[in-house]
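Asks: TrEMBL lists 7-25, 37-56, 87-105, 134-153, 165-181, 193-211, 293-312, 324-342, 348-368, 446-465, 485-505 with the feature transmembrane segment.
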Amino acid sequence: MALAQRGLSTAVLSVLIPFGSWLLIRSLLDPVPPIPALIASLGYAIFAFLAVAYLIPRLGPSFVKANLKGRDLLKTYDTPIPESQGLICAAVYILFLILFIPFAFSDVVLNLRGPESHKPTEGIVVPEFPHHKLSVYLSSLLSLLIATLLGFLDDVFDIRWRHKLPIPIIASIPLLMVYYAEQGNTNIVVPIPLRFLFGTLLNLGPLYYVYMSLLSTFSTNSFNILAGINGSEASQALIIAISVILNDLLYLPWPFGFHIPLHLLGSQSEIDFGGVYKAGMAYGSMELVERHLFSLCFMLPLVGVCAGFLYHNWYPARAFPGDTLCYVTGMAFAVVGIQAHFSKTLLLFFIPQIFNFLLSCPQLFGFVPCPRHRVPRFNKDTGLLYPSKAVFEKRPPSRLASLMLKTLAALHLVELSVNETGQQEVTNLTILNVFLVQLGPMKEVTLVKVLICSQIAGSVFAFFVRYGLAGLVHVNPAFLRTTRLSVYNIRTMFGIPFFSLGLGLNASPRPVVLGRAYASSAFYGLLSWDCWSVVIPVIRGSVAPARVEQGLEYF
């Protein structure tokens with residue numbers, strides 16, 4: 001069975017190409033926009049989407065001829081699918097980031113061309129040029145290039161899990177060296193309940209660099225561990241990138257403002273949100289603005305690349321990402337988390353990946369047998385996916401393994417059984433199998449939609465934690481009185497993301513069971529607007545969740 005390639009319609013091309021070109025040109029024309037680099041980055045994001053969507057079907061046959069191909073294990077046909085297409089995505093992504101360099105420093109270049117730039121100087125050094133910012137940008141590109149190389153080597157030589165886990169540390173060395181050369185701060189703000197032990201600030205020293213290297217390792221391998229169905233890797237990266245972009249937009253000095261009529265919701269106050277250096281959480285800090293603008297310039301093209309690849313990787317997939325895409329996207333998130341100093345906020349967007357990693361630890365560390373592929377089991381007769389299982393063939397589980405598996409079974413995360421030969425078996429420890437255990441067998445396209453909904457719910461929950469509950473541990477206890485935080489507020493904040501997850505499961509084979517599970521979340525999420533009492537003080541500025549003092553990283 002030959003799969004027909006997906007092509008972009010003429011209408012889409014006729015709209016996106018002129019619009020992307022106009023964005024690139026407009027960023028250089030007078031009057032110069034307030035944030036020209038952001039406009040240029042958006043233009044490159046559009047062209048990144050078009051480039052990936054165009055190149056994947058045209059270069060795929062070349063990968064098949066080079067024996068970089070695979071068979072979709074969850075399909076009835078044996079048509080070879082091009083593998084390692086993440087190499088195309090990485091090449092497009094890094095190419096556009098390189099082409100973006102003149103736009104990133106366009107304000108400096110244009111200023112150097114003015115009358116003040118003709119002052120006599122000695123040597124070839126131009127003191128006005130921000131060399132430290134350029135070094136940060138170039139070190140980030142170098143880390144992405146190393147991640148691309150290592151990811152492609154993994155695709156070609158199929159490196160074992162125990163060896164591939166520390167590989168991203170190598171790619172993070174340029175980031176860490178530039179961070180050290182720039183005298184990056186290694187202090188962290190201690191949560192209020194622990195300040196009587198450690199004080200307000202705690203200097204981690206070398207441990208902070210260990211933490212950043214582990215961050216790059218986790219972000220890179222987390223997508224690789226949670227993979228196996230069409231669209232899973234690209235959709236995870238796409239949603240996290242969009243979440244990071246939304247978080248970055250809160251810190252930019254928008255030249256416009258808007259009014260929130262809270263009286264329509266029964267509140268006694270009104271919110272004026274916006275204006276230069278008033279929008280979001282920057283609070284007049286140019287350093288915060290530059291950090292999150294740096295993050296945006298890396299995330300916008302990544303969204304274009306992931307969207308273009310997802311167009312061909314969506315069910316039924318015409319292309320497979322391989323490990324290269326996982327390495328590059330993970331390293332891109334590590335770059336912005338480290339260089340823009342919001343690594344803990346970034347980790348909040350990885351809640352499903354953190355859960356999947358913790359769940360997979362017994363298999364990753366050898367307590368439970370770990371097969372080559374932990375993808376769900378496909379039934380050709382019904383076309384549904386079922387939880388795949390790991391069998392204890394060589395020896396029965398140890399006491400520690402039995403304790404872990406019984407605990408997971410009590411939480412209804414795994415199923416334990418004994419096969420016909422008397423060997424013990426357990427469902428593979430992945431979040432995809434957990435969905436199948438909890439919700440029953442389903443089609444592959446439904447399972448990836450459930451995964452996407454869980455990722456969106458995790459991002460919604462991350463925003464509530466970051467801009468709601470973070471004040472409980474990083475500001476004065478008067479925050480409790482200011483926001484009137486109560487059990488009802490917390491219940492509402494937890495209910496909204498889970499209600500969002502419930503909305504995406506309408507196509508599940510068991511909608512009646514799901515309805516009861518998410519009815520209370522819908523009630524608290526839709527009928528209670530009192531949850532805004534947590535978020536509003538942060539927006540107004542009466543409670544500052546993230547302040548920059550000497551480059552410190554807050555939550």
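Any Cβ shown, glycine's included, is placed from N, Cα and C.
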Asks: Could you check whether the transmembrane segment (87-105) and the transmembrane segment (324-342) come into contact, where contact means at least 3 Cβ pairs under 8 Å with the two residues of each pair 6 or more apart in sequence?
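Replies: With 3 or more qualifying Cβ pairs, these stretches touch.
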Asks: Below 8 angstroms Cβ to Cβ, which residues of this chain, lying six or more residues outside the transmembrane segment (7-25), approach it?
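Replies: Non-local partners: 39-40, 42-44, 46-47, 49-50, 53-54, 57, 103.
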Asks: Given pairs 6 or more apart, does the transmembrane segment (134-153) have at least three Cβ pairs under 8 Å with the transmembrane segment (37-56)?
Replies: no
Asks: Under an 8 Å Cβ to Cβ limit, what residues of the same chain, 6 or more beyond the ends of the transmembrane segment (37-56), are close to it?
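Replies: Apart from its flanks, the transmembrane segment (37-56) reaches 8, 13, 16-17, 19-24, 26-27, 82, 85, 88-89, 92-93, 96, 99-100, 103-104, 106-107, 252, 293, 296-297, 300-301, 303-305, 307-309, 311-312, 318-319.
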Asks: Please indicate, using numbers and ranges, the residues of the same chain that are 6 or more beyond the transmembrane segment (165-181) and have a C-beta under 8 Å from a C-beta there.
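Replies: Here the qualifying positions are 135-136, 139-140, 142-144, 146-147, 150, 154, 159, 209, 212-213, 216-217, 219-221, 327, 330-331, 334-335, 338-339.
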